[in-house]
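**Student:** I have a structure here, written as structure tokens, and I will follow up with some questions on it.
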Amino acid sequence: MLYFTFHSSRMIHVSNRRSLHYQHGAFTDLVFYTVVFLALMNSCRAQSEVIVPSQPVVSLVGEDVILPCHLDPVMNAFDMTVEWARPDLNPRFILVWRHGEELETIKHPSFSGRTSVFIDELEKGNVSLKLSKVKVSDEGGYKCFMPTLSKASTVQLVVGAVSSPVVQMIKNNSGVLLECESADWYPEPEMFWLDGEGNLLSAEPTETVRGPDGLYTVSSRVTVEKRHGRKFTCRVTQRKINQTREKHLTIPDHLFMLPSPVVICAALLFIPAIILDETVSLLIVRLLKVL
């Protein structure tokens, strides 16, 4: 009986120790997993990258353009500082988002009223820049910087300007002279002449003039004969911005027509008659003055 009591007491004591050990172990596990969770959260935060396109963004003059930039993994950027800058400018800032608003006073004056972020998208990690009414001078590298993350990436903006060519046809002794001109291009384009089957024609060297606004005017001339056909194309292209403009034309038959031999002979006979008539008239006038 004494043995039973002693054994029972010992069993209770051991059971309590195991219970305390279990509770202590559970608490330790809770702390461990909490620390791991926080560490993972911080790790995700630290590993967020600023992502921009690897290829340049192309925009035409006068258009609105979006320079993409986002955080990956996604983070809420609404309460973070977002900086867009052009390192080649002074001041360099294009847009600064801080404390839930854009700071207009510190941005470069040429971008005043032309930049914005997508406020509703900031919570999704979208910190893209919208640039309105693009100018030629906007071309360059734009740095998307997140000071909180100490991460930045640069996206290149290529600006283009285009216009339709204008063509004139002038009759000359050797055929028809075609003149093509196209103004307000950027970057500098190339100009070609094509026949009706799409073959390149041998034209005079292209003339290029750059205006004070930085835009280019190009012109070219080519003389064609009836053997070349009647349909032609003036093509202006800029490969960097993947833009092409064309002007198609058809030369009327009468521009290729030569004067017939009969007409030429009549003209040769008529010209001396005109000269003789003018000479006689002049003599009569002089006689009248003498009388």
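Any Cβ shown, glycine's included, is placed from N, Cα and C.
No curator has checked TrEMBL annotations; they are predicted automatically.
Annotations for this protein, taken from TrEMBL, read as follows:
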TRANSMEM  20-40  transmembrane segment
DOMAIN    48-144  domain 'Ig-like'
DOMAIN    147-250  domain 'Ig-like'
TRANSMEM  255-276  transmembrane segment
**Student:** Which whole number is the mean pLDDT over the domain 'Ig-like' (147-250)?
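**Tutor:** Its mean pLDDT is 95.
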**Student:** When the domain 'Ig-like' (48-144) is classified with DSSP, how many of its residues are helical, how many are strand and how many are coil?
**Tutor:** 15 helix, 37 strand, 45 coil
